[in-house]
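Undergrad: Below you will find the structure I want to go over with you.
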Amino acid sequence: MYACSKNEDEIMPEEKAITFSVPSNFPAPVYNFEQNKLSNAGFALGKKLFYGARLSADKSVSCGSCHQQFAAFANLDHKVSHGVNNCQGKRNAPPLFNLVWQKAFFWDGGVKNIETSPLNAITDACEMGTNIETIITTLKNTTPYPEMFKKAYGSTEINSQFILKSITQFLGVLVSGNSKYDKVMRKEGGISFTSDELAGYTLFKQKCTSCHAEPFFTDFSYRNNGLDLVTIDEGRSHITGVQTDFGKFRVPSLRNIEYTSPYMHDGRFYSLDEVLEHYNSGVKAAENLDAELKSGIQLNSLEKSQIKAFLKTLTDNEFIKNTLYSES
Amino acid sequence: MATLFFLFHLSNFQKMKISQYLLALLCPIILLSSCNKSDDDVATDTKSSFTLEFEHQVNGSPLALNTTTYKNAKGEDFKINVFKYYVSNIKLSKADGTTYLLPESYFLIDESKPASKLITVNDVPTGDYTKIEYTIGVDYARNFAGAQTGALDPINGMFWTWNSGYIFVKLEGTSPQSTAANNLLTFHIGGVVDPNNTIRTYSTEINAANPLRIRMDSKPDMHFMVNAASLFTGTTDVSFATLNFTMGGANSVIVANNYAKGLFRLDHIHN
């Protein structure tokens, strides 16, 4: 008996169960998995769908095309999303992590539930350019999908709810909470900030946290940060229809900012230096400019380098390199 | 066993006949057994069903997609290619004020799918109902509740992917007066956030002399007339020269305020 079970272990090592856990320095999430029980099969299916280029109109674009793990699931070097038929989208692909703490999605907050967020990219003519009906037909006729759906949901039926819920299992588990900053906050393993990082953190708390609030480094609000006198992208007002929201965009998280270049909703800045210089000297008196930015944020070069040093402590290499999230 | 085997080989029609026959056999037994209970128990315990039938019209003429030309209140010609809408959260009231909210009642009625125009509702407590009300559209919470199935499945083309929420009423067509490309009319009404909330409720009293009489042996049919032209009149007469496209927002509110008044009319009940 003993030998038998040992042998089985060697052939099929017990799969590690997919779990979701809240870092101790994070609050309770907005989305819990109560209506979408996490399972290894559900997660595996969601991951497979996330990386499946076959789903797009010309079979060239997957979710993972514009959300690359090495860029914290943002799109390295792309100002805006590059969709099917070489179409250039309107906005910069946001990174994907800590999504279950988010109440609204996309730069304009148009989507209110993580489960329905993939539909936007699936149907956008400039992203995946398809629809859920076509995807269902494709999946029904493509191995190993029917088998994977059966494993995850006990039936070979493939419907939009199973597709969206399984993708959500993958997206929801993308938690980034193991940066140096997190470890310092949690007082783990005697890790501490360098003097530059600490000075940067102090400056950050004075000058940046009114929008980039800890621990997510965003307060999830919509603001106009004065990029243009008159913006060509209406932003939040496209969703709300309210003129005072014109030109406002969701405050992005700064976690993993080292890897999520280019920056801003239209990806106009390639470096953190450009971003900091914008706040120092480039803020335009736009209609609806955020009150916090009326006089910009004055930063000398030492302060800039200290803030940059701090921002790099928000990089979570364990997240970026976690093979659980990689295309396999 | 032999009987079961026999049943499997019957058409649905034949099965219906047989089940009616069986029901007829069983009815006296049910009636007899109910003698043991008080009447109140029977009334609260038993459940039955009823149907809602939606007959689509345009100002009194039958709705025919793609072919027939109609006139709006401004006298402008138009044709309809798509007409579909949600009815949800159906609530029935009795004369004594007690109400019954049908759980999970979300229905998508689509002119192009005749079967969708006849809804059967099961498991309704028997009794005499004197009022019905329902949401034209989908309640606030379900607009943001994540991946749904059935009538609310995004596959039905009634879910906005870029701005979460359902299209409550969708009418597409053409009008020579429309200034949009190809003279199109695009009325996608939805949105649940003020000031552009378009959730509207329809309610109607039912003549107490002929209430919705739901019984074990009586499955009544409520027949509603649905006037597609009500989108364009009632509170504000819409001219297609100036309003021919809306997907949420202030113009959708104008249309919702119109159809809140005239989309539905309870025509009659077959008890």
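Each position is counted from 1, following the chain as shown.
Cβ atoms here come from the backbone N, Cα and C positions, even for glycine.
Positions annotated as heme c 1 binding site by TrEMBL: A:Cys63, A:Cys66, A:His67. Look at TrEMBL and you will find A:195-328 tagged as domain 'Cytochrome c'. As annotated by TrEMBL, heme c 2 binding site applies to A:Cys208, A:Cys211, A:His212.
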Undergrad: Could you tell me how many residues in the domain 'Cytochrome c' (A:195-328) are helical, how many are strand and how many are coil under DSSP?
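TA: Output for the domain 'Cytochrome c' (A:195-328) reads 58 helix, 10 strand, 66 coil.
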Undergrad: Between A:Cys66 (heme c 1 binding site) and A:His212 (heme c 2 binding site), what C-alpha distance do you get in Å?
TA: 24
Undergrad: Please average pLDDT over the domain 'Cytochrome c' (A:195-328) for the predicted structure.
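TA: Value for the domain 'Cytochrome c' (A:195-328), mean pLDDT as a whole number: 96.
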Undergrad: If you draw a 10 Å sphere on the Cβ of A:Cys63 (heme c 1 binding site), how many other Cβ atoms land inside?
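TA: Around A:Cys63 (heme c 1 binding site), other Cβ atoms within 10 Å: 26.
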Undergrad: Starting from the heme c 2 site formed by A:Cys208, A:Cys211, A:His212, give every other residue of that chain whose CB sits within 8 Å of the mean position of their CB atoms, in sequence order.
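TA: Result: A:Phe204, A:Lys207, A:Thr209, A:Ser210, A:Ala213, A:Phe217, A:Thr218, A:Asp219, A:Val251, A:Leu254.
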Undergrad: Under DSSP, is A:His67 (heme c 1 binding site) helix, strand or coil?
TA: coil
Undergrad: Starting from the heme c 1 site formed by A:Cys63, A:Cys66, A:His67, give every other residue of that chain whose CB sits within 8 Å of the mean position of their CB atoms, in sequence order.
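TA: Near the heme c 1 site, the remaining chain residues are A:Phe50, A:Ser62, A:Gly64, A:Ser65, A:Gln68, A:Phe73, A:Asn75, A:Ala93, A:Leu96, A:Ala121.
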Undergrad: Around A:Cys208 (heme c 2 binding site), how many other CB atoms lie within 10 A of its CB?
TA: 20
Undergrad: Taking the Cα atoms as reference points, how far is A:His67 (heme c 1 binding site) from A:His212 (heme c 2 binding site) in Å?
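TA: Just about 22 Å between their Cα atoms.
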Undergrad: From the Cα of A:Cys63 (heme c 1 binding site) across to the Cα of A:Cys211 (heme c 2 binding site), what is the distance in angstrom?
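TA: Between the alpha carbons of A:Cys211 (heme c 2 binding site) and A:Cys63 (heme c 1 binding site) there are 28 Å.
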Undergrad: CB neighbours of A:Cys66 (heme c 1 binding site) within 10 A?
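TA: Excluding its own Cβ, A:Cys66 (heme c 1 binding site) sees 25 Cβ atoms within 10 Å.
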Undergrad: In sequence order, what residues of the same chain, 6+ apart, have a Cβ less than 8 Å from the Cβ of A:His212 (heme c 2 binding site)?
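TA: Residues satisfying the criterion: A:Phe204, A:Thr218, A:Asp219, A:Val251, A:Ser253, A:Leu254.
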Undergrad: Measuring Cα to Cα, how many angstrom lie between A:Cys208 (heme c 2 binding site) and A:Cys63 (heme c 1 binding site)?
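TA: Between the alpha carbons of A:Cys208 (heme c 2 binding site) and A:Cys63 (heme c 1 binding site) there are 31 Å.
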Undergrad: Count the Cβ atoms, other than its own, that fall within 10 Å of the Cβ of A:Cys211 (heme c 2 binding site), considering every protein chain shown.
TA: 18
